[in-house]
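The 5-phospho-alpha-D-ribose 1-diphosphate binding site feature in Swiss-Prot is assigned to ARG77, ARG102, ASP129, PRO130, MET131, LEU132, ALA133, THR134, GLY135, GLY136, SER137, ASP198; the stated evidence is sequence analysis. Under the heading uracil binding site, Swiss-Prot lists ILE192, GLY197, ASP198, ALA199, citing sequence analysis as support.
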Amino acid sequence: MAFTELKHPLIIDKLSRMRKKETSSKDFRENLNEIAQLMVYEIFRDLELEAIEIETPMTKTVGYTIDKPIVLVPILRAGIGMLDGIQKLIPTARIAHIGLYRDEETLEIHQYFAKKTESIDESYVIIVDPMLATGGSANKAIDIVKGWGVKNIKFVCLVAVEPGISNVLEKHPDVEIYAASKDEKLSDKGYIIPGLGDAGDRIFGTK
């Protein structure tokens, strides 16, 4: 598929506020949710619609509804911070969860939790995580979701960087990636530059 950087003045402004090291957890969360909400319009531009008969106060007519359920899959824990913004526009979206951790010695990604929704294989699935760095967590999450039988998957993040983008597209060419920003590079320790710092810590006020 493809990588899409959503360059919108409102998104750029809010992301700049999030990058500042002095930004409070409250303001960080609020801007994160607002950006996620703004991204929804582009992410769901290609949803299929189904014609239905509806009745207005004046007459019967043809209306349209999204043809499949939408499922959001946050990668724990930072991905949770993006849910509220998306759910404000899609309150009927179902929520699945995937928990991953990285082995500090081998650097391998391991699953510690996964909970899917009913009929997820017939849904539009959006995996959300604020950061796409090496692509290890994203690839693992996509593997899990595909194991549930899902065919229509998109990965949505706040900031993305190479080699993560290429790693995901190479392994999963059928998955679209959306980001608010394509950042410059990874540091020697694997941090995104300029990045946001540790998104999970900044969302939840932990260290």
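Cβ atoms here come from the backbone N, Cα and C positions, even for glycine.
Shown here: features listed in Swiss-Prot, placed on the structure.
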| residue | record | Cβ neighbours (10 Å) |
| --- | --- | --- |
| ARG77 | 5-phospho-alpha-D-ribose 1-diphosphate binding site | 17 |
| ASP129 | 5-phospho-alpha-D-ribose 1-diphosphate binding site | 28 |
| MET131 | 5-phospho-alpha-D-ribose 1-diphosphate binding site | 26 |
| ALA133 | 5-phospho-alpha-D-ribose 1-diphosphate binding site | 24 |
| GLY135 | 5-phospho-alpha-D-ribose 1-diphosphate binding site | 25 |
| SER137 | 5-phospho-alpha-D-ribose 1-diphosphate binding site | 23 |
| ILE192 | uracil binding site | 24 |
| GLY197 | uracil binding site | 16 |
| ASP198 | uracil binding site | 15 |
| ALA199 | uracil binding site | 24 |
What whole-number Å value do you get for the CA-CA distance of ASP129 (5-phospho-alpha-D-ribose 1-diphosphate binding site) and ASP198 (uracil binding site)?
12
Nearest to ASP198 (uracil binding site) by Cα, among ARG77, MET131, ALA133, GLY135, SER137 (binding-site residues)?
MET131
I need the neighbours of the uracil site defined by ILE192, GLY197, ASP198, ALA199. Which other residues of that chain put their C-beta within 8 angstroms of the C-beta centroid, in sequence order?
PRO130, MET131, TYR191, GLY195, LEU196, GLY200, ASP201, ARG202
Which ones are near ILE192 (uracil binding site): of the binding-site residues ARG77, GLY135, SER137, which have a Cα within 10 Å?
none
Which of the binding-site residues MET131, ALA133, GLY135, SER137 has its Cα nearest to the Cα of GLY197 (uracil binding site)?
MET131
Measuring Cα to Cα, how far is GLY135 (5-phospho-alpha-D-ribose 1-diphosphate binding site) from ALA199 (uracil binding site) in Å?
16
